[in-house]
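*Asks:* Below is a structure I'd like to ask you about.
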Amino acid sequence: MLSLVLTVFFVHVAIYLVNTIGASTIDSLLWLLYLKLPTPTSRTARKQQQLKRQVLEQKHEMNSTSSQDEFAKWAKARRRHDKSMEEYEALNKTLTAQKSSFDWTVKIARWLSTNGLKIFLQFWYSKTPVFPLPEAWFPYYVEWIVSFPRAPLGSVSIHVWSNVCATTIALTAEVMGALLVQIVGQKKEQRETAPVSAEGKKAQ
């Protein structure tokens, strides 16, 4: 079983990833993955896509047929198109309702597994020391601050550890992002200067 130290840390990693990537992006990705599963919803989605292609093909056929010179053929194509369009719109409404229900379920599950879990842990373990401080290393006021609000004096409370994790993760991600941008910029600069150097040697 994970210790309280790692549990709180991983919860904050999850919260940071959700906030960075974006809840809507995660919801869309999970929806696409859900549609890959053998469920009634995925079958509805496949049928909707088939009808969409069928509607476009029938519309193209109808537009390429003259309503004056070939009225009977055009009218038949129009009836087929209208029927397919009705089926497509009905399936689209069904799929939209299913997606709304899916998004709501995912939203609840995401909150419970991130912020909800964080709040629960802070409440449930409010009096539990996350880890003890070395004896006589810190003055009284420091021990009081890091044990705030309800942990035993001389230990780190879950509230303080939670804030430390959130700050550390955010700063680490920011530093890594800055380093990545710098590395990519240097490589791009090297690629741009390489052809210039080669042309200079040829000219000599």
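Glycine residues also receive a Cβ, built from the backbone N, Cα and C atoms like all the rest.
Found this in Swiss-Prot, in case it helps:
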type: COILED; residues: 43-99; note: coiled coil
type: TOPO_DOM; residues: 1-4; note: topological domain 'Lumenal'
type: TOPO_DOM; residues: 25-110; note: topological domain 'Cytoplasmic'
type: TOPO_DOM; residues: 132-155; note: topological domain 'Lumenal'
type: TOPO_DOM; residues: 173-204; note: topological domain 'Cytoplasmic'
type: TRANSMEM; residues: 5-24; note: transmembrane segment
type: TRANSMEM; residues: 111-131; note: transmembrane segment
type: TRANSMEM; residues: 156-172; note: transmembrane segment
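I'd like these features described in context: how deep, what's nearby, how far apart.
*Replies:* With DSSP states grouped into helix (H, G, I), strand (E, B) and coil, the topological domain 'Cytoplasmic' (25-110) comes out at 75 helix, 0 strand, 11 coil.
Looking just at the topological domain 'Lumenal' (132-155), the mean pLDDT is 90.
Long-range contacts of the transmembrane segment (156-172) within the same chain, counting only residues at least 6 positions beyond its ends with a Cβ under 8 Å from a Cβ of the stretch, are 4-5, 8-9, 12-13, 15-16, 118, 121-122, 125-126, 128-133, 145-150.
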*Asks:* Let's see if you can do this one: DSSP helix, strand and coil counts over the topological domain 'Lumenal' (132-155), in that order.
*Replies:* 7 helix, 2 strand, 15 coil
*Asks:* Go through the chain and flag residues at least 6 beyond the ends of the transmembrane segment (5-24) whose CB is under 8 A from any CB in it; none is fine as an answer.
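*Replies:* Same-chain contacts beyond the flanks: 107, 110, 113-115, 117-118, 121, 130-131, 158, 161-162, 165-166, 169-170, 173.
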*Asks:* At a C-beta cut-off of under 8 Å, are there same-chain residues at least 6 beyond the transmembrane segment (111-131) that contact it? List them, or none.
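*Replies:* Apart from its flanks, the transmembrane segment (111-131) reaches 4-5, 7-8, 11-12, 14-15, 18, 147, 149-152, 155-162.
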*Asks:* So which residues does the topological domain 'Lumenal' (132-155) touch in its own chain, when a touch means Cβ under 8 Å and the partner is 6 or more beyond its ends?
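*Replies:* Distant contacts of the topological domain 'Lumenal' (132-155): 126.
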